[in-house]
Amino acid sequence: MARAPLSLTSKPPLPPPTITPLRHQRSPLTTVRVSATTVTTTAMPDHHPSLEISGGAVDRFLPAFKSLHLPYKPFPIVGWNRHIETIFAAFFRKVPDVRYRRECLRTKDDGTIALDWASDDHRSLPADAPILILLPGLTGGSQDSYVKHMLVKARSKGWRVVVFNSRGCGDSPVTTPQLQSASFPRDTCHVVDHVSSRYPKANIYAAGWSLGGNILVNYLGREANNCSLTGAVSLCNPFDLVIADENLRKGFNNIYDRALREALCRTFTKHTPLFEDIEDKFNVQVGLNPQTVREYDEAITRVALGFNSVDDYYSNSCSCHVIQHVQIPLLCIQAANDPIAPIEGTPREDIKGNPNCMLIVTPQGGHLGWVAGDEAPFGAPWTDNVVMDFLEHLQKAAPISKENSSNAEDVQQGSEDVHQAKV
């Protein structure tokens with residue numbers, strides 16, 4: 001297999017895996033409460049002790065999952081070391097063959113967001129089919145293997161899927177001096193509102209990985225009273241960016257810092273002229289050759305967002321500070337050995353205190369890895385079936401149709417798109 005430059009984002013496409021999901025089902029345990037006059041049978045959800053499961057919504061959501069009573073078994077050799085698993089998943093996981101139809105949105109500040117819709121879904125699916133918005137991680141996009149696997153899994157269930165490529169990611173056009181950031185919920189608002197207006201009959205959900213998970217939870221917490229999503233999933237979310245920043249610069253983790261830094265530089269280099277026009281604000285030279293992700297964020301990201309320092313940017317962009325305000329069903333999945341999103345940053349107490357949130361922590365998994373389950377080692381991550389169990393449970397209980405629009409495609413014509421193209 002050909003080697004690619006070290007990157008935690010896009011990989012060259014490989015032949016799609018043969019996916020044969022196996023469903024493990026068993027009846028929940030029951031208890032019988034006996035009194036002098038009545039006998040009451042109460043269903044009790046259970047899970048395997050290899051998984052840490054908590055949260056204010058456990059009693060509501062745990063019965064939805066078909067496989068959490070089984071032990072989490074990482075794939076031998078690969079799955080027992082967090083660094084091997086992270087790197088293996090980035091380089092050797094198969095990439096499903098997916099075709100996209102690109103739609104670009106113009107934002108109020110003249111920025112551009114690229115949405116990649118699974119090709120032909122607009123013809124083959126009904127207007128009220130549930131929609132899943134996918135938010136990739138830092139510098140990630142619609143070509144990443146973990147994104148495509150989740151897309152394929154959701155489409156197999158009859159879901160419409162769209163990938164939200166943050167500014168500058170996924171080869172999206174850049175029209176303002178601002179690239180992807182952890183603290184800019186307006187773009188997420190714009191995407192959710194656009195998708196909702198385009199398909200007013202559909203329930204809309206979202207799933208985000210790594211920094212995409214942080215962006216998603218920030219949106220859910222900050223826009224709690226205005227959020228039109230029906231449910232959401234956050235995976236390998238760093239949550240506390242101050243802790244994640246410190247962790248990224250320790251020991252072997254420097255290899256991830258270097259990979260992410262190089263990916264940021266490649267994107268920035270393509271669009272440097274936009275930043276040179278206001279060079280008195282941005283440190284363009286450092287942006288072109290930073291020594292760490294932190295240096296890049298100090299030179300470019302925090303300036304674009306108006307923060308006084310990179311520490312100010314990180315501390316104000318932590319989704320752990322707002323998860324307590326989330327008002328829709330939210331599933332968070334973390335790996336206890338994640339080298340990039342350290343488990344220490346996970347806001348366990350706030351998740352326990354929020355009746356809408358549930359947390360699953362696997363003992364292994366690395367970052368964007370989870371090389372376990374029926375499709376390991378080259379197929380879909382262990383998390384994909386868990387995510388779909390949760391989302392389908394919400395969809396079955398969700399109200400059908402938010403509006404009585406006779407033709408959702410008519411709404412599409414009035415949207416703020418710049419152009420559409422097949423990619």
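In case you wondered, yes, glycine gets a Cβ from its N, Cα and C as well.
In TrEMBL, annotation is done automatically, which means it is predicted and not curated.
Of the given residue ranges 1-23, 47-69, 254-276, TrEMBL assigns the label region 'Disordered' to 1-23.
Other C-beta atoms found within 10 angstroms of the C-beta of HIS367 (active site, charge relay system) number 28, with every protein chain shown included. If you measure from the Cα atom of ASP338 (active site, charge relay system) to that of HIS367 (active site, charge relay system), you get 5 Å. The Cβ of ASP338 (active site, charge relay system) has 28 neighbouring Cβ atoms from other residues within 10 Å, across all protein chains displayed.
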